[in-house]
Amino acid sequence: MKKRYLVIALILLSIASLFIGVKDISPLELFDLTEEKTQVMWISRVPRLISIIIAGVSMSIVGLIMQQLTRNKFVSPTTAGTEDSVRFGILVSLMVFTDASPWLKLLVAFVFALLGTFIFMKILEKIKFKDSIFIPLVGLMFGNIVGSITMFFAYKYDLIRNMTAWLHGDFSSIMKGSYELLYLSIPLVIIAYLFANKFTIAGMGEEFAINLGLNYKQVVNIGLIIVAMVSSLVILTVGTIPFLGLIIPNIVTLYLGDNLKKSLSHTALLGAVFVLCCDILGRLIIFPYEISIGLMVGVVGSAIFIFLLMRRKAYDR
Amino acid sequence: MVEIRNVSKQYGSKNVVENVSLRIAKGKITSFIGPNGAGKSTLLSMISRLLTKDQGEILLEGTEIGQCKSSDLAKKISILKQTNHITVRLTIRELVSFGRFPYSQGNLTKEDWKHVDEAIRYMELGDIQHKYLDQLSGGQRQRAYIAMVVAQNTEYILLDEPLNNLDMKHSVQIMKVLRRLVDEMGKTVVIVIHDINFASVYSDYIVALKDGKVVREGTTNEIISAQTLKDVYDMDIQIEDIDENKICVYYA
């Protein structure tokens, strides 16, 4: 797959995304929009497109970073308890500060995400049995434990309805004024690019990294901070998009290998294209209603995940 | 020169390396031999700062390695551990280019690429340089890793069981390469090795370890003797002179 094709696909899908919706806007009238249509464009369609692209890009990239740092193809925010920890953090922020501002929610969610991911990394260090499937299973179990604690308190304090919004990724509620937090992901993605080489070396193992004079622990920590922050941002603004950070990097590394400097831009582009596809499909299938992105990516993604598991022989070397 | 003074390492209450003092001569191949659990790999890891020592000093050109910045050490000393289970999918060329990381932090200059090209040529990997590591045979992969170390261009090269899982042909090939690194490029090579005949034929100095202590050290000629080997391995080993090489016969 050439990068050029991905860019073209991204541009075409972006344009399509802008003109799909209940309010019928045709590309022909772009320069002659009524005031109402202009508003639809700027309040709903454009923010939606931007958030899709940022979420797709950043979630795929953090997935790739996680897989590199844990040296396991099946680890991602979904399968390492990161996403569950974010939701736990959001719940805590709702419980403790009833009218939590987005910034406060973000901070608490981030702290929990970081903590959850660190706990997972610690568990990983302790596991003697390094089977490539076993590790994400442990992560899923850990995530489910955190998730059930979250659910318990959500029921107890009658916050379950607030929580479902973050359980399920959904772009339909994205509007001007509700998604801007997501822009914070952009500098994080840039940092990920700058550290690409270091992540690749860290992915070769601690001893390999030390031999080359890399500060291994620092690089791993920076990676995990990026992972926790991006997961928090995306879940807070869009909701959970399961499996995204797992399937996209896996598909890209299949044909590009594990050199992050080479694969990062492809991963970013493919992530955006994939989420855009799923979102457009979700909007068209039961038009004028919508299937949420969480469900769309969940269905398509889990199918691809199973496929990747079946061909895991390729990874067991 | 690397000087090791009274170095010890404990795991729990067990002394893995106990009060070891050694000097590793420049421009030579030094082999660490000894039975399993003698502390050879632990000692090598401490020299290369992969492991911290509990007691003692390790001086590299007169400076304690604990005082050196890790990124500076990466330009002076390199270590290869047993690398058979690395799962990262990189091409040979990409791997070798990481050897320049200590100099370029990942943004390779023309000069860096020249080193990469030379290392690939030196290890005769030119034809397969764009192949992925997982497509290579064990011997090719080991050569690729050594090429990376060559590109890293350190004075000291430490290898932990470089012949592990290699057949005879590839083992000889690797040992010849190490010999050339010393003879042609003036490197100092330290290896942990199990096959005492490879140690006997290719190394200049041998350090025999047992139970975390140095039993004997000296030139290859001094160490490869029936008495010394009996002290180290607790078995009778017959030594034959074949073409000026001392070959140990220990199979029966």
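Just so it is clear, glycine is given a Cβ too, placed from its N, Cα and C backbone atoms.
Listed in TrEMBL:
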TRANSMEM  A:45-66  transmembrane segment
TRANSMEM  A:103-121  transmembrane segment
TRANSMEM  A:133-155  transmembrane segment
TRANSMEM  A:181-202  transmembrane segment
TRANSMEM  A:222-255  transmembrane segment
TRANSMEM  A:267-285  transmembrane segment
TRANSMEM  A:291-310  transmembrane segment
Leading stretch by Cβ pairs under 8 Å, where the reference is the transmembrane segment (A:291-310) and the options are A:45-66, A:103-121, A:222-255: A:222-255
For the transmembrane segment (A:103-121), distant same-chain residues with Cβ under 8 A (at least six beyond the ends): 70, 80-82, 84-90, 92-94, 96-97, 138-139, 142, 146, 181, 220, 224-225, 227-229, 231-233, 235-236
The transmembrane segment (A:222-255) versus listed stretches A:45-66, A:133-155, A:181-202: most Cβ pairs under 8 Å: A:45-66
For the transmembrane segment (A:181-202), sequence-distant contacts whose Cβ falls under 8 Å of one of its Cβ atoms, 6 or more beyond its ends: 50-51, 54-55, 57-58, 61-62, 65, 68-69, 102, 106, 208-209, 212, 214, 216, 219-220, 222-223, 226, 229-230, 233-234, 236-238, 258-261, 264, 268
Beyond the flanks of the transmembrane segment (A:45-66) by 6 or more, those residues with Cβ under 8 Å of it: 10, 14, 17-19, 21, 25, 75-77, 80, 82, 169, 171-172, 174-176, 178-179, 182-183, 185-186, 188-189, 192, 199, 223, 226-227, 230-231, 233-234, 237-238, 241, 244-246, 248-249, 252-253, 260, 263-264, 267-276, 279, 293
